[in-house]
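A.B. asks: Here's the feature list from TrEMBL:
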COMPBIAS  254-268  compositional bias 'Acidic residues'
COMPBIAS  272-285  compositional bias 'Basic and acidic residues'
COMPBIAS  293-328  compositional bias 'Basic and acidic residues'
DOMAIN    34-546  domain 'Major facilitator superfamily (MFS) profile'
REGION    244-328  region 'Disordered'
TRANSMEM  34-59  transmembrane segment
TRANSMEM  71-92  transmembrane segment
TRANSMEM  99-117  transmembrane segment
TRANSMEM  156-174  transmembrane segment
TRANSMEM  186-205  transmembrane segment
TRANSMEM  407-426  transmembrane segment
TRANSMEM  438-455  transmembrane segment
TRANSMEM  524-541  transmembrane segment
Amino acid sequence: MQEEIDESKNNKIVKMNLEETIEHIRFGKFQLTVLFLSGLGLIVNSSFVTALSFIVPILQDKWGISDLQSAYLVTAMFVGFLFGSMFWGWLSDLYGRKLIFIVPGIITCTFGALIVVSNYWWLMFFEFASGFGTGGTVITSTLFSEYLPKKNRGKLLMVVEFFWSGGLFIQTLWSWLCIAKLKWTYSLFSIFLPFLIVVIFYKWIPESPHYLLVSGKFRKATDVLIRASKMNKKPLPKGFLLVMRNDSDSNPNPEEEISNSNKDDDEIGNSNKKDDLSSNDENSKNSKNSNLNEEKNNQEYQKLIEQESISKEKLSSDEKLNSKEKLDSDKKLDSDEIVVDQEKKTSEKAIQLPAQRAKFRDLFSKKYGVRGTTILLFIIWMTNNFVYYGMVFLTPLFFGSRSGNTFLFSLIAGSAELPGIVIGIIMIEPLGRKKSMAYLWLGVCVSSLICGSVPNLVVSAIAIMVARACILSTFDILLIITAELFPTPIRAVALGSCSAVARISGIVSPFLPYLISPKSNTTIYIYSAISFVSFILCLLIPKDTKDADLPDGESS
C-alpha cells in the first residue's frame, strides 16, 4: 500500500492493489451474500447425485436391467460432468463467473425433471445432459474465493462445502420419505427449490473483480468494490486502485481511481499527479518499442476525457496524456493512472484492454509456468473423485447387502461429512493446504482398511464414516488450493479442467463394485491403496498457498 499527501487538501492519497483492497473491505455481508448463492449451486449438485444413487437401484428392479446397465446410467452422468466442467470453466474465463450461476442450473433442472418420464436410453441421455449442467457448479466457488481476504480464505472456502453436505443429507432424508411413502419421482423435485432462489436473486450476484481487471473492465471493477465496501461498512480510502502486472506482461498497467461518496472526489490527488508521473514521462520518452494496442487505447481514452471532463477536471491535457503513458520495453513493474469519476458513467470501451482468452493449452504453456502443477493436480483430482464417488455409490450396496437397510447406513455415512468439513476448517490454516490434505488422505487409507478388514457391522460403519469425513475434507481443500495456485486469467479454466479430468475416474468408479462384487471387501482395499498414493502426491505439490495472494498475472 502506498500513501501520498495531497497538499491542497491535506488528505492522504492511498494506492492499493486489488488484494490490499479486498483485505481492507474484509469479510462481511457482501461475502455472506455470495457464500449463500454459491452454496445453493452446490446443493443442486449434491441433491442430484444423491437422488440418482437411490433411483438407479429402483429402476434396475423396475426395468429388469443388469448391474452393468445400471453402472452405465451412472457413468452417463459423469461423462456429462466431464464435458460440462471443461465447457463451463472455459466459458467462465471468457465471459465471467456470474453467467455460470444461472445457465448450468437451468440445464440441470430441465433434464433432471425429464428423467421421470423416460425409458432406459432416454434416461441415459437425460443423465448425461444433467451432468453437463451440474459440471458448472464447481466454478461457483471460484467467484467466492476471489472476494475473500487471504488470511482466512481457506476456512471460509471450507464453509461453502457445508452446503454440499447439507444437500446430501437432506436429499437422503427426502429420498427415504419419497421412496417409502410417496413416489420415487418426487425425490428429484428437491433440486428445483435452491435453484429457484438463485434465479430470484441473480441480479444481486456480483462479477469477480479479478476477472474484470484482467479483462480491462476497470470501471466495473471499482464499482463492485465500492458496493462491497458499502455493504461491509468499510469505506474505501481516497486514492487509486493499482492494476499491477508481472514482469513478463506486455499489457499496460492502469491505475483505477477509488471513488468515494464525497463531492470532491474528482479532485483527489490532482496536486500530486505531476510528481507521481514525472518519472514515468521521462522514462517513456526513452522507450523505443511501444505497444500498438496500448497507443490505440491511449488515444481513445484521451478523446473521451476531453469530451466529458473539460468543464470539471483540473488536469491539463498534457497531464492526462501522461497519466496514460506506459513503459513496456524495460519490462519493469510500473503503473499509471486512469481517472474515473463514480458519478460519470465513463465508457467501458475507452478504458478496456483486450481480454485474455483462456485456453486449455495455457495450463501447459511457459506463459504461466504451471505445467508441472497442472499434471500433479490432475492426478490428485482423479484419485479424489474415484475414491469419493466410489464410496458414495458403494455405501448403499455394501451395507445394504449386509444389513438390508440401505437408507439408514447411507444417512449415517453421509452425516459424517459435516464433521469432516469442521475437521478441515480446523486443520487448513495451522497446517496449510498440503499437509492437511496429506494427513486426511492417510485417514482415508487407514479407515478404509479397517472397514474392509473388520467383520463387525458397527465397526465397519464407524470406519466408513471416518473415511467419508476425511475424503470430503480432502476434496474441499483440493478445490481451494487449485483456485489459489492458478492465476486469474486461467483460474476458472484450470478448475474446470481439473474437474473434467477427474470425471474420467468418476466414469470408471461406478463399475468397480459391480465388476468385483458389492459384497466383496476388495473394492474397499483398492480405495485404501489409492488413498495412500494420494497421500504421497499431496506432499509433492510445489508450494502451499496459505496466506498467499491470488495470482493475477503471468509467471516471471
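Please read every residue number as a count from 1 along the shown chain.
Every residue gets a Cβ built from N, Cα and C, even glycine.
Values in this document were obtained by computation on a predicted structure and should not be read as measured data.
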A.B. asks: How about long-range neighbours of the transmembrane segment (156-174): same chain, 6 or more residues beyond its ends, C-beta under 8 Å?
C.D. replies: 27, 31, 35, 38-40, 42-47, 49-51, 54, 141, 144-145, 148, 187, 190, 194, 407, 410-411, 414-415, 417-418, 420-421, 424-425, 428, 472-473, 475-477, 479-480, 483
A.B. asks: Where else in the chain does the transmembrane segment (34-59) make close Cβ contacts, counting only residues six or more beyond its ends and a cut-off under 8 Å?
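C.D. replies: Same-chain residues near the transmembrane segment (34-59) but 6 or more away: 65, 70, 73-74, 77, 101, 104-105, 108-109, 112, 115, 120, 123, 127, 130, 134, 136-137, 140-141, 143-144, 147, 156, 159-168, 170-172, 175, 179, 184, 187-188, 190-191, 194-195, 197-198, 201, 204-206, 389, 392-393, 396, 406-407, 410, 414.
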A.B. asks: Return the average pLDDT for the domain 'Major facilitator superfamily (MFS) profile' (34-546) as a whole number.
C.D. replies: 71
